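Trainee: One structure is given below, represented as structure tokens, and several questions about it will come after.
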Amino acid sequence: MEDKRNIQIIEWEHLDKKKFYVFGVAMTMMIRVSVYPFTLIRTRLQVQKGKSLYHGTFDAFIKILRADGITGLYRGFLVNTFTLISGQCYVTTYELTRKFVADYSQSNTVKSLVAGGSASLVAQSITVPIDVVSQHLMMQRKGEKMGRFQVRGNPEGQGVVAFGQTKDIIRQILRADGLRGFYRGYVASLLTYIPNSAVWWPFYHFYAEQLSYLCPKECPHIVFQAVSGPLAAATASILTNPMDVIRTRVQVEGKNSIILTFRQLMAEEGPWGLMKGLSARIISATPSTIVIVVGYESLKKLSLRPELVDSRHW
């Protein structure tokens, strides 16, 4: 009799692709809405010099809420929703790469590491231009200039709204840097997210496997998968946060050199500057990763081909 503690990974060939994509887009959108405020806060914390404006995640949350209201926590959100495309490309690349690597290695760690890195490469190629625009929108604060660019305002001093701001930022990027400006920080993004993704998946499966041995046989897999996700996210965040800080500064401040940005950060703020925004990153990653893991594993189970439904333990 099959041991229910054994986690059977649902692979690409087991899925009903139509269900997978329809459910996947809806799930991703819900996650984006829930975690976007902390993404915005993390971006502002990483770009500010020292503690010139915000003294931490909670302080930033309160100040933004008081100054701009709830909409202030969602600056750039409409533009950021276009990353839904990259999200679907990510999961497709991940699953197809796992299938390809399986022909050469049955090690789940190897499959997860290679697939995670490959998926991130594809996704970042789509995401970076969207991130560049949305990050500049995140830095708009009641007409005050926090980044390189500032949207034009109306007579009352308020910035133009929605896609008016977006078009204004796009024009300024084009004037300042040309088309290359939309891929500013591309290499830094790859150096951040490829390792992050490559590390997250093996740690996720490792933690899930270890927890499965500690839990009773009757414990639903989804429980220890939900715990494993945040553990893997925290591990990956700690390892990759220094590069994430540098990536954000390169993209928002318009710097051309990763090395010079690193040196300037070290000179101004020391080694602790590399950990800026880490708490916001982990705070945003914890609930979002639980939702992602529960959602993604449930999505795959709901998308199983009919003849395989009874063969998977929840």
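A Cβ is built for glycine as well, from the same backbone N, Cα and C atoms used for every other residue.
Got these off Swiss-Prot a minute ago, pasting:
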| type | residues | note |
| --- | --- | --- |
| REPEAT | 18-100 | repeat 'Solcar 1' |
| TRANSMEM | 20-42 | transmembrane segment |
| TRANSMEM | 71-90 | transmembrane segment |
| REPEAT | 107-210 | repeat 'Solcar 2' |
| TRANSMEM | 113-133 | transmembrane segment |
| TRANSMEM | 185-201 | transmembrane segment |
| REPEAT | 220-302 | repeat 'Solcar 3' |
| TRANSMEM | 222-239 | transmembrane segment |
| TRANSMEM | 278-296 | transmembrane segment |
Trainee: Under the DSSP assignment, what numbers of helix, strand and coil residues are found in the repeat 'Solcar 1' (18-100)?
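Mentor: Here the numbers are 69 helix, 0 strand, 14 coil.
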Trainee: Across the repeat 'Solcar 3' (220-302), what are the DSSP residue counts per state (helix, strand, coil)?
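Mentor: Final tally across the stretch: 75 helix, 0 strand, 8 coil.
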